[in-house]
Each structure stands twice: as structure tokens, then as C-alpha cells.
């Protein structure tokens, strides 16, 4: 296989491997084609008002301050005297989009929505808004449009402020909520002079939705325990009071308005959300008005948390729900069909209605969930051969009929409690069945992909052995053997194609199932290499062979563990620190060994630092900037002192400009932090400097000298200027320590070459990589080169996870990007954060390239070893990918899988 074909084949295999998890783990669970289900009895309310206070924690709303007064006195009065209350348990990911989808559509949005961010519908879905007669909504342009776009017809109206208003650096983010309340008031006032609008507002099945983003924005910018966050809650409370009063007056106190106040997600103490901490998953729920139960007095109630006593609400019944249960509740209150894709269970304790109404509503809920199960089952049945199809036994066709018949009989006999109990059982079974059919093909597809990937990894190992070692001899296979092999694999491919064809499988299944065929064909063509390799291994002492295999397995498992437990990196770096002692390298290079050991120990401290939850520490960022200036100053002074003939005036100008960039970046970080602290916003000058530095950092290193260490130092200075702008604390020191270790690593590899007598030691100070490398000088691989490649992969992992986690794009401190922008822009902010993650990766890659050139190895041979290590890790991670759990867990595992493939 030629190099271009090999590269194309590798890219194809990795692309298929990467994309496959969206079919296997992250395909959408939604189904279409169900019949709408509606409670047959008249509803208690004509209209529903939904307030969603984005980012509002349950404890922040319910707790009392030091004077025993509430941050929200009006809402406190409601839950004590007029309505029902509880905690809505959100599911992870605790983000705005999934939270609102759960509230309004009744299902937990699948992970395939991650690629769409906050703004687009990855799949079409039904919602309470869509089922209503009219919905008017006010709030964020990031939330409202997705429900209007997904609606059938033209009955969902949105009124949004501009995206630029969502500014983390603004003086007062609560103005976002004031905007909503003011526009709702003016909207109702204008309806008095607009007969068409007035008539529409007086229809039944009307929803008024107010999305209040101020609390979330203030929480990100100032933290949930700040004065700004609590003051924003007070303003929301006053706004809700005014709107409720205005609506009661507008509708003549007809008692037909139901109100719900809740939140899409909470927030951690450090101002982030996305994961599964209780501060993120526990949100308030207060319901009052038409059809809603009044407060229920109790003498005792038990919950695992200790909140009731803290909130002084132990005598009022707390009614907890899952977030998706709120959609059926809203549908039941105003008498619209339950959203078709809803998986929520109607919380009956919130309803103030007859037992008959409650039983009929639960029956409607059960039939609506069962409809989804039936559609999913029929879809799977249609694409599976009848003798291979394994149905979900607890809900066979006869069992379904039995459940529905028995429930209807109970309702006719007025045995409402029994009917409700049966409906809840049916809902739980239907949800289990939905999950069963959704993951029906997972094992089959997973094994197909794993087979293909294992074949690819085996083939790469054979290529390394064949072309970069002296372990094998060239053997020509006969034409007859080659033809038999080809026909055999072609027959297997035809059989797989026929099997998939008669099952009418999706086209992607053909790719996943047929991929192993050509890959394993290529492996079997190199059978003589396998035989030679096996013979060579048997010729070695068993202890030596086993020792090598065990060390290789241990090394890869340490790498895998380090992706999940960052402290493993610390252990690995401490082992690296002792490597020169174990191999006796220290004898010939005592000073270099000492510096190597110190830098390994320093770098080992970083993985022990916290990832999120830390407060910004700007003095540390400034210290990192000053330290970088000091080091570059010493470098310049030593260069001038030695009258380096390899430097010219142009080189000096580039060095000065890079030092100026470092100084300006340090100033911008300090000044921006102070400006935002004083609520003066992001200075335009600072923003211009930041973006200019970002652009110039990719150009300046190209103008620096082509001598090895001068070019590497230039790359460090350029990237460091950008990294400082993206830093908020200790991580600003990370690239400095990492680069120092990389410089020493290059020297240590030279010592290792001499130690094993592989080549002479080149003069690194005058090594110029601008000149073409003489490929005749390339040597064959040595066992120590596997260790060299392992070091590179370990340093890459350290670069990624040394100060954080690449999966935390949704759960990062927005302060990291404040030097560039403060207006909410998820993709721009995510892109900048990704750049911050990539910078250490670039530093390690440059050092590895230097190691490869100076150790006289072809880049292909070393990178093939890296490829094998990465592929073995990727196979581990493939089976560890999850489609449940926190956004952080899901994101971490997917990002790990993605990173190992991206190598």
C-alpha cells in the first residue's frame, strides 16, 4: 500500500470510527407518527402563564436571609397561602436548551443536540406551545425561536431583545428581565386598542411565556452568592407580582389563569452549570391559580436533603417532580393534547380537581407514552428479520391491551386510585421499552466497528515491523494464494451486503459492517510478516518478551486512566523524573538530569490543582506574564553577550515585538479585570489589543530564526501572549513549565541516543531545520523509540488535561474570554476556550518534531508508533462512551474518544 493510499485509508477508518458513535450512542430517541392524546374532560384554566427564571437555584429562592426575610417576598407569600411548591429535579446536561425542552416539550433532549448549540432544532419535536391555540413569548433570542420554529402553523409569537444585550460585563444584567416585564405590560395595554389581538388573548388554551435571563447572566458574571444575583431575584419577584396583578385585572379576576414559576437549571457557587451537582439540578417550582392545589399543611415529611428546616418550610407539603413532568402538568391545566414526545408523568398532587379528572388525565398520559413505544417497536420490527426479532416482553401486544382494558374498567367503576396506579406502571414500562428499542442494535454495531478498528491497528503494527525494522524478510506469496484470499473476503462482503439488504438496514450500517472486510484482507496479505514477527519473539527470552508486553500494557492503561483521573498524570511525571536514574543516563548528563527532574516535579503539581470552582487569581496571571518577560529578557541579554552570529537585526525586532506583546497582554488582563470589577465593561482598546495579539501569534514565529531553540522559544513567546489573555489563575504558569520541560526533553533524547550508541550527538545550538534533512541518514527503529513515542503521547495528554478538561466547554468560567468579548456567544466563547486548550498541545508537538529530526528518525516511523498507541486508547474509549449522566461526563467521554482519534 503506497503512502497516499495508506493516509487516505487511515483517515477513512478514523472518520468512520468517529462518526459511528452518533449512530451507536447519540442517535435521536424521538419518534414521529403518534396520535395526539387529550383529556376528554373540561380543563380548569383558560390560560397559562409560565415564568422561567434562567439559572435560578432552588435554595436561592426559598432560603431566608439573616433577618428571616425572603429574597422573593411575593413568591414566598404565594407558596405559603395560595399555591403548591416543590423542587423540580432537572436532568443533566443542566443547560438552557435541554432545560427548556424538558419543561415545554416534556422530554430530555438527546446528546445529538450538542452540535447545534443553543439555537437550532436538531430534530423536530412537539411542545405545549405547539399544542396551544396561541402562545406569546418574551425573552432571549437564544431560547424563544427554537419553539416558534418547531411549531406547526403560525400561532407561536416571539418578542426578543438583541443578542448583544446578553453582556456578562454589563453594569446591570437584571435589565434583561425588566425589558421582558415592560414589554408584556405594553403588549397588553396595546391590545385594548387592537380588537383582533384582544379577542385572541381572550381565547382558551392560551400560553404566555416569560424567559428571564438576568439571574443566569448575573450568576455567571458575579456568582450566585453575590449581591447582584440576590438583587436580581428580588426584581424578578416584583416583576412577577406586577404581571400577575395586571393579568388578573385584564381578565376581570375570572379565576381562569394558572401560573407556574420555575427554572431551567441551577448554578454552582462558582457560576457555572452543565454538570450534575445538586446546586445545578435542583430548581424551584411554584404553581398557583386556576386548577392548582392550595398549600397543604403537614406535621412531618421526610426528604434526604436537609433543606426544609433551612428554608423554614417543614410544615408545608413539598411536592417534588422531575423537570419533564411540568409539560404534562401545563397541558392538563389548560386542556391541550400532551406533547407527542413527552416522557413526563403528570404530578397529580399539584391539581385541585376531581378524582375522575385526575384518573382520565393519567390515562391520557399513559396512552400518549405508550403510543411512542408502539411506533418505536414497529420501526425496529420493520428493519429486523422476524426470526431474529426479540420483542420487549413486559409490553407485548396482549399485555398492552390488558393494561388499557383494565384501566378503562377501573375508571368506569370509579376505582380512580387503582386506575392511576396502573397508569403509572404502564408509563414506566413504556419508557423502559423505548430505551430497549432505542439501543437494540448497539451491541451488533459496536462489535462491527471494533472489528474494523482492531484490524486497522493490527495492519499499522505490521507496516511498522515490515518497513521500519530489520525483523522480517521479504517473501512473495503465490498468485493462487492471493486470488483465494481475495475471493474469500469478497464472498464474506457479499454475504454481509445481502443480509443487510433483506433487513432494509440504513446505509450507514453497510459502512460499519463492511469496513472490517478490506481491513482484515490487508492484514491477511501480510501473513508472512506475522509469522516472522512471531518467530523473532519466540527467539527472545520469555521473561524479556513478557516484560516488554506487560510494560506496554501498563503504559497504555496509565494513559487511559489519566483521561479520567488527572492525578495519574502526577504519578506518571514523577516516574518520568526518575527515568534517567533507572536507565543510568544521569551518569553522563548530571546537570541536564537535575533540571529534568525538577521540571517534571513542578509539572506534576498542575494535575493536582482544581479544574473548576476556583476563584480568578489575576495576580498569578500577572506574575506569569512578568516571569515570561524576565526569561525572554535573559535570553536576549545572553544572545547579545555572546554576539550570536546567527542573529540579525530583523530577528531582534521580532523578539522585541514578542516581548511587547507579552507586556501588553499582562496589562490587558489586569486592566480588563479591574474594569469589569468596577462594572465599566470591556474597554475597546483592550479588546483591539487582544484580537490583534491573537492574530499576530500565528504569524510572528514564521519570521523568527530557523535555528532549533530560537524558533521554539519564538513559538512559546507568541503563544504565551495569547494564553495569558485567556487565563484567570494558576494555569498561566503551565505553558512556561511545560515548555521548559520540552526543551530539556530534546537534550535528554540526545543523551539517550549516545547511551544506546545509536548515533553521534549533534550540536543542538546551531541545528538548523531549514535545510533539507538527508533521508539517507535516517536509521531503523530501536526499542527505545517506542518509549520516545510513549513520552510524546503522555506529554500530549498532560498538555490537554494538565490544567483542565477539554470537555468543560459548557462548564467553564466565562471570565477566561473577557479580554476578547463579554457578550454571550456560545460558539465564539467555546472556540476561544478550545484555542486555550490547544496551545499547550502545539508546544508539545513542536518539541516532538524537534526530537524526531535530531534523533535521525523519519517522522513516519515515530508517528506510526504514536498512531498505534492512540488507536489502542481509542478502542478503550469507544466502549466507555456514555449517552447518559452529566453533560460533563458525556462530554468528557466523547471528547476523550474524539481526542484519541484526532491524534
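Residue numbers in this text run from 1 along the chain shown.
Note: Cβ is positioned from N, Cα and C throughout, glycine not excepted.
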| said: For the annotation transmembrane segment in TrEMBL, which listed range does it cover: 862-881, 882-901? | reply: 862-881
| So which range, 571-587, 656-672, 707-723, gets flagged transmembrane segment in TrEMBL? | 571-587
| remark: Among 484-501, 754-771, 808-825, TrEMBL marks as transmembrane the stretch 484-501
| query | Can we call the transmembrane segment (618-640) and the transmembrane segment (862-881) in contact, meaning three or more C-beta pairs below 8 angstroms at a sequence separation of 6+? | reply | no
| With pairs closer than 6 in sequence left out, are the transmembrane segment (594-612) and the transmembrane segment (732-748) joined by 3 or more CB pairs under 8 Å? | yes
| Excluding the flanking five residues on each side, which residues at least 6 beyond the ends of the transmembrane segment (507-524) place their CB within less than 8 Å of a CB in that stretch? | 1, 13, 16, 20, 23, 441, 445, 448-449, 451-452, 455-456, 458-459, 462, 485-486, 489, 492-493, 496-497, 500
| field | Of 484-501, 594-612, 862-881, whichever stretch has the most CB pairs under 8 A to the transmembrane segment (571-587) | value | 594-612
| query | Which sequence positions outside the transmembrane segment (862-881), separated from its termini by at least 6 residues, show Cβ-Cβ distances below 8 Å to it? | reply | 10, 17, 21, 24-25, 446, 449-450, 453-454, 456-457, 460-461, 463-464, 468, 556, 559-560, 563, 781, 785-786, 788-790, 792-793, 848, 852, 893-894, 896-897, 900-901, 903
| What average pLDDT is reported by the model for the domain 'GPI ethanolamine phosphate transferase 1 C-terminal' (432-886)? | 81
